Amino acid sequence: MVAAALLPELWTEILVPICAVVGILFSLFQWYVVSRVKLTTDLGASSSGGKNGHGDYLIEEEEGINDQSVVAKCAEIQTAISEGATSFLFTEYKYVGVFMIFFAGVIFVFLGSVEGFSTENKACTYDTTRTCKPALATAAFSTVAFVLGAVTSVLSGFLGMKIATYANARTTLEARKGVGKAFIVAFRSGAVMGFLLAASGLLVLYITINVFKIYYGDDWEGLFEAITGYGLGGSSMALFGRVGGGIYTKAADVGADLVGKIERNIPEDDPRNPAVIADNVGDNVGDIAGMGSDLFGSYAEASCAALVVASISSFGINHDFTAMCYPLLISSMGILVCLITTLFATDFFEIKVVKEIEPALKNQLIISTIIMTVGIAIVSWVGLPSSFTIFNFGTQKVVKNWQLFLCVCVGLWAGLIIGFVTEYYTSNAYSPVQDVADSCRTGAATNVIFGLALGYKSVIIPIFAIAISIFVSFSFAAMYGVAVAALGMLSTIATGLAIDAYGPISDNAGGIAEMAGMSHRIRERTDALDAAGNTTAAIGKGFAIGSAALVSLALFGAFVSRAGIHTVDVLTPKVIIGLLVGAMLPYWFSAMTMKSVGSAALKMVEEVRRQFNTIPGLMEGTAKPDYATCVKISTDASIKEMIPPGCLVMLTPLIVGFFFGVETLSGVLAGSLVSGVQIAISASNTGGAWDNAKKYIEAGVSEHAKSLGPKGSEPHKAAVIGDTIGDPLKDTSGPSLNILIKLMAVESLVFAPFFATHGGILFKYL
């Protein structure tokens, strides 16, 4: 008999939900602090002073900028952005809701048919001496878990968007008091989203497990198999959110930049540009709602993969609930660690000058990683027995608790390495982006060549980091080790998301400052916030892609175990055709999403040109553009264009599994993982580098940058073209690919019993 964990079951039952509730309360507190920045012109509207600056008098007051009309204009623009984002998401969710109901039915019918819709108990898959609940029960509970995951994912994205649109104008107004005040508002708003998502994801999963346990009792194998539906629900919604939001934001961005900056030579976010509201709405629906759903999906899938493998290891066999909940205990500790880390940015240190912004955000990652290492050690000591066994493709492998601690740490630190490598290749403080900016001297072609080379080169170190973490974690604890390594990378998700959401909020704040006609000094401050946010958004994407690779592999291992495959032999034709097709899928998917952005941007460019040519007084600023038409173009294009890529990802595992069987499907999953990760990293980093090369020239901080500028110069125009090409790479195709590799793997795992029983019909009759 294996020893039990030090932490009693009762304490686990109490601690996990308490940590989740603490996370939710902390996010509500941050929201309350942000809400005290008033969008009114009454100086006495809020009385608290101090670091958060609600009651501080404005620095620019003597310049006459504390003007009622400026504040009213900010509030008006914020309302337009918020309404645009809400209306788009509601339209998107109508379509996604129909898909959710349809796919829930597919899950129930496919999984119920495994035992011919029998209601009799059956012999367990891994231990045939015991009886387990019928397949029909697994079908029903998987369907419920799928719906719960989908709804939680949608809510995560929607609430994140609401908070971001609530905070953008408040950040702009705080920028009048100094860059530090604006930073705190933007960062607190990001923290609201980060903690709300991490805590609600954990709480819903924990409650679901406990409710399902009432029916399943001792049948933990069936219980945690049904729970995998939660991960599938989360990721399927994230796919549509990421692709739809990505097409929306980039159609508007490309259209606004090509006509506004290059043809008409007007600044970014100029209110005369008809696409400017659509562009700012896009930042929220793509980078906030899409990213929120995406990272929630990663977290849900990593937890599900770990729980499935644990349920057929000694934890599940001996019904050790505390050890079984090890993945949830890691996430609970992560919430507490991120809470402490956030205080370093908002309360312990104050930002006074622009150059302190980026280090403050990077320190968040370093501090959370260091404290989390200690947190994982505590959780591993109290939450795990000193020795236990882990299921390893048909055998049980003996593992010590310190080995599992190292597995989680390897994932955690690999995430930090990927984050910093991404930052090195995408921040304009370092030579790679400066070289790309320098290449703009000779035109757009050399800029594109340098940018592509940078993206390909930036893949090398992250892939080594992922490869080492896979090797170490698999050597210690088989596929369970890989799953907890992915959870380690995602354990500081609250901080990661806070940093990530900060970027689009700052971007919007800059746009609002420009549109409201605020002074050049305020625009400089919001630009500084935005430049730091651009780099942190790239770091966030690096985290998302790295964790997706580990999550996908862990799910792949769980799928192979569940489908009864002991080895995946690359030399068999069934597997090799799967590998080739799987490696092709990310290219097919990227082609679809890139072309969607291109065709939507084409319509947008034509509309913006039409308005400039036909509305008298638009360039002079005496007439208002028709923003609504541009918003409609983006909305219609993204809703229509998100369906084909979504169908490609959702139908591939079903078609391959049903017609070609589990061996070919395992090849498809391996192929898509291997090629998808490389394309995703290079696409995200290429786009990020082009964007920051443009900002480097625009800011003109160094002598080198001044020699390339100012705005409107030939090198600047070449940089804008590079940035425009990079937009769909970094915000549509790249980030969506990590969902492709995770979603196909989790879908295969959920349908594994069906494929194992009824799959491969072509090979059966050939």
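Backbone N, Cα and C define each Cβ position, glycine as well.
Per TrEMBL, the feature transmembrane segment maps to 14-34 (among others).
Note on the transmembrane segment (95-114): residues 135-136, 138-140, 142-143, 146-147, 150, 154, 229, 232-233, 236-237, 240-241, 639, 643, 646, 650, 654, 750-751, 753-754, 757-758 of its chain, located 6 or more positions outside it, place their CB under 8 angstroms from a CB of the stretch. Residues or ranges marked as transmembrane segment by TrEMBL: 95-114 (among others).
Listed by sequence, the residues of this chain that lie at least six past the ends of the transmembrane segment (134-161) yet keep a Cβ under 8 A from its Cβ atoms are 85-86, 89, 93, 96, 100, 103-105, 107-112, 114-115, 117-122, 193, 196-197, 200-201, 204, 208, 212, 215-216, 222-223, 225-238, 241, 284-285, 288-293, 296-297, 300, 501, 750, 753. Taken from TrEMBL, the feature transmembrane segment applies to 134-161 (among others).
Marked as transmembrane segment by TrEMBL: 182-209 (among others).
Residues annotated as transmembrane segment in TrEMBL: 324-345 (among others). Within its own chain, the transmembrane segment (324-345) is flanked in space by residues 7, 12, 15-16, 19-20, 22-23, 26, 30, 184, 187, 191, 194-195, 198-199, 201-202, 205-206, 220, 299, 302-303, 306-307, 310-311, 315-316, 360-361, 363-364, 367-368, 371-372, 375-376, 378-380, 383-384, 404, 408, 483-484, 487-488, 490-495, 498, which lie at least six positions past its ends and keep a Cβ under 8 Å from the stretch.
Here TrEMBL flags 365-384 (among others) as transmembrane segment.
Per TrEMBL, transmembrane segment is recorded for 404-425 (among others).
Away from its own ends, the transmembrane segment (459-487) comes close to residues 298-299, 302-303, 305-306, 309-310, 313, 326-327, 330-331, 390-393, 397, 399, 403-404, 406-408, 410-411, 414, 417-418, 421-422, 542, 545-547, 549-551, 553-554, 557-558, 561, 677-678, 681-682, 685 of its chain (Cβ-Cβ under 8 Å, at least six residues beyond either end). Positions annotated as transmembrane segment by TrEMBL: 459-487 (among others).
A Cβ distance under 8 Å defines the sequence-distant neighbours of the transmembrane segment (543-565), meaning residues of its chain 6+ beyond its ends; these are 125, 225, 228, 231, 291, 294-295, 298, 301-302, 304-306, 308-309, 312, 391, 393, 411, 414-415, 418-419, 462, 465-466, 469-470, 478-479, 482-483, 485-486, 489-490, 496, 662-663, 665-666, 669-670, 673, 677, 680-681, 684, 734-735, 737-739, 741-742, 744-746, 748-749, 752-753, 755-756. If you look up TrEMBL, you'll see 543-565 (among others) marked as transmembrane segment.
The annotation transmembrane segment is assigned in TrEMBL to 571-589 (among others). Within the same chain, residues 645, 648-649, 652, 656, 660-661, 663-676, 679-680, 733, 736-737, 740-741, 744, 763 sit at least 6 positions outside the transmembrane segment (571-589) and bring their C-beta atoms closer than 8 Å to a C-beta of that stretch.
The annotation transmembrane segment is assigned in TrEMBL to 739-763 (among others).
For the transmembrane segment (739-763), the list of distant contacts is 107, 110-111, 113-114, 135, 138, 142, 146, 225, 228-229, 231-232, 235-236, 238-239, 242, 294, 297-298, 301, 304-305, 308, 548-549, 551-552, 555-556, 558-559, 562-564, 574, 585-586, 589, 649-650, 652-654, 657-665, 668-669, 672-673, 676-677: same-chain residues at least six beyond its ends, Cβ to Cβ under 8 Å.
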